[in-house]
Amino acid sequence: MTFQATVLTLYPEMFPGPLGMSLAGRALVEGVWSLQAQNIRASATDKHRSVDDTPAGGGAGMVLRADVLAAALDSVADGRPMLAMTPRGRPLIQARVRELAAGEGAIVLCGRFEGFDERIFEAREVEPVSIGDYVLSGGELGAMVLLDACVRLLPGVMGAASSGEEESFEQGLLEYPHYTRPFEWEGRTIPEVLRSGDHARIAAWRHEQAVNDTRLRRPDLIERHGGASQAPPSGARQRNEGKTK
Ligand code: SAH
């Protein structure tokens, strides 16, 4: 079963872009997923092929027309979820990415200028999605973020080693920190426990690090997952205790 991605954009030549490389690129070549980038302008109806107009009520910039957006969506709609990239959307989270990756694909609408005529969200089943609390100049990078996150979860795309179950956000936690050789670098050593070969101890240490780092950096994640059960064991060790001197 191929994951089918369709991107509606004013800049189809931006695709596959980074999605044509590395893991996602190989999976694209292998047919694990497919990508179609369609120009929104192809759905324009007037003789100037216009896709936007000035904002009702005044103000700067241009707004993408609802009639053109609807025609673009209708031309590719086939039951796959339809998502629109907008800073006004629900923030994208790994749980939603997993759901999407388990489905047949996605249709992703990319905005430009001031964004979309709001009526498109009433007239069509389009889920507004944000990739974070900052403003991009267009939805294309957002669409790439969303699709990259989905594609790496498709069966066979990541190596067996990284099934993704321990990764950041999967348990409501950031992932534990990683280390690799050389064992000593600029006077810093790899935490001794990781060389102990004691898998239970290593697992406990990693969990503790994950909880501590999440508390420090992303208390909102702990909160969201009802963090009490994730309280770190007392006497949590400091990660830099491996430093020599
Ligand atoms: N005037 C809008 C921003 C428009 S930015 C506002 O203030 O809400 C132009 C386009 O970039 C948007 O239509 C959207 O498709 C994309 N974009 C910008 N920031 C984004 C974000 N954080 N997440 C997803 N898409 C974003």
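Along the chain as shown, the residues are counted starting at 1.
Positions of Cβ are set from backbone N, Cα and C atoms, glycine also.
Whatever TrEMBL says is automated annotation, not expert-curated.
Here TrEMBL flags 5-223 as domain 'tRNA methyltransferase TRMD/TRM10-type'. Taken from TrEMBL, the feature S-adenosyl-L-methionine binding site covers Gly111, Ile131, Gly132, Asp133, Tyr134, Val135, Leu136. What TrEMBL records for 215-245 is region 'Disordered'. Sequence annotations record features per position, and here TrEMBL assigns compositional bias 'Basic and acidic residues' to 215-226.
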- Query: So what's near the compositional bias 'Basic and acidic residues' (215-226) in sequence-distant terms, Cβ-Cβ under 8 Å and 6+ beyond its ends?
  - Reply: 169, 171-174, 232
- Note on the structure: Gly111, Ile131, Gly132, Asp133, Tyr134, Val135, Leu136 bind S-adenosyl-L-methionine per the record; greatest CA separation between any two, in Å, is 16
- Message: Using a 6 Å cut-off on Cβ distance, which of the binding-site residues Ile131, Asp133, Leu136 come close to any atom of ligand 1?
- Response: Ile131, Leu136
- Query: Counting Cβ atoms within 10 Å across all protein chains shown, which of the binding-site residues Ile131, Tyr134, Val135, Leu136 comes out on top?
  - Reply: Ile131
- Note on the structure: Quick tally, other C-beta within 10 angstroms, Gly111, Gly132; top of the binding-site residues is Gly111
- Note on the structure: Cβ contacts within 10 Å for Asp133 (S-adenosyl-L-methionine binding site), all chains included, total 7
- Item | Tyr134 (S-adenosyl-L-methionine binding site): secondary structure state under DSSP, collapsed to three categories | coil
